[in-house]
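Single-structure report; data block below.
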Amino acid sequence: MKALVKEKAEPGLRLADVPEPAVGAGDVLIKVLRTGICGTDLHIRAWDGWARQAVRTPLVVGHEFVGEVVGTGRDVTDIKTGDLVSGEGHLVCGKCRNCLAGRRHLCRATVGLGVGRDGAFAEYVALPATNVWVHRVPVDLDVAAIFDPFGNAVHTALSFPLVGEDVLITGAGPIGLMAAAVARHAGARNVMITDVSEDRLDLARKVGVSLALNVSDATVADGQRDLGLREGFDIGLEMSGRPEALRDMITNMTHGGRIAMLGLPTEEFPVDWARIVTSMITVKGIYGREMFETWYAMSVLLEGGLDLAPVITGRYSHRDFEAAFADAASGRGGKVVLDWTA
Ligand SMILES: [Zn+2]
Ligand SMILES: [Zn+2]
């Protein structure tokens with residue numbers, strides 16, 4: 001089968017012929033229809049410092065996908081050939097304290113699909129049935145392809161109750177945009193999002209934010225004033241991993257404000273801890289999705305009319321992966337999807 005492979009410890013990816021994956025007794029074999037390109041895939045393609053320590057070659061990359069079940073191992077009873085499925089990209093151990101307590105997203109031994117084992121940028125992928133999400137209501141294929149990052153957005157946005165609250169989102173990349181749509185849909189009062197890309201801020205306006213602020217020429221305090229806030233934001237969703245974004249967020253939170261932090265900083269940086277203490281701010285780190293509470297929420301939000309269409313801005317054949325990756329790496333658009341049937 002064809003697959004996008006990191007063959008050697010150097011930059012780049014290749015569309016190569018590799019064997020079809022083996023299917024264990026508890027596994028599901030899936031014919032991949034569409035996949036989403038993630039920041040993780042960009043790191044692996046660029047072969048940066050993170051990728052060098054996280055990845056062993058050769059590796060089939062990719063973890064965001066939708067596909068059709070074409071086979072099941074003998075122990076799989078509740079998933080059938082023909083089911084339309086997406087996959088949870090974190091494979092957990094099932095044995096640690098958190099796994100046994102049903103908090104699988106907190107597993108200490110998580111293995112990433114397309115990072116620690118062969119992934120989904122391929123014509124077929126095999127996955128444990130416990131990691132497979134069956135779409136039981138009709139769903140757009142491009143949206144189904146990005147359920148994994150959509151889950152990051154939902155897990156972050158719904159970390160704290162936000163009905164009637166004023167929400168600040170720093171970073172209007174695909175996950176920030178989806179989180180904005182979710183916050184809006186779930187009943188936040190104001191949703192303000194910041195970025196330095198006007199293209200991405202325009203996408204944010206399409207998903208219905210109250211204010212899309214370019215922080216290269218205005219401050220978060222200016223935004224607060226424009227929205228008529230008097231005491232600061234109730235909820236912060238940090239999506240950029242940038243030091244200045246988190247610092248700005250902390251400065252602009254109300255007393256007792258709550259911050260969910262998904263953006264992954266590349267290095268240590270100082271923040272105003274005294275402010276966190278005296279403003280009594282909660283900071284919660286987010287990694288992945290709750291299995292499978294977040295997945296239920298995702299399906300239900302879409303059934304309830306949440307529209308993610310504006311977030312998907314690039315669609316390519318898998319054969320044009322170089323152009324697709326360049327698009328995704330540009331930092332200007334939304335989500336980029338590869339079609340494995342064209
Ligand atoms: Zn991803
Ligand atoms: Zn575990």
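In case you wondered, yes, glycine gets a Cβ from its N, Cα and C as well.
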Per TrEMBL, member of Ile175, Ile250, Ile276 binding NAD(+) alongside Asp195, Arg200, Leu262, Gly263, Leu264, Ile286, Tyr287: Ile175
Filtered binding-site residues, from Cys38, Glu64, Cys107, Ile175, Gly263, Leu264, whose Cβ is under 6 Å from an atom of ligand 1: Cys38, Glu64
Spatial neighbour of His63 (Zn(2+) 1 binding site) that is closest, considering only the binding-site residues Cys96, Cys99, Leu264 and their CA atoms: Leu264
Number of Cβ atoms other than its own within 10 Å, given for His43 (active site, charge relay system): 17
CB contacts for Leu264 (NAD(+) binding site) [other CB atoms within 10 A, all chains]: 14
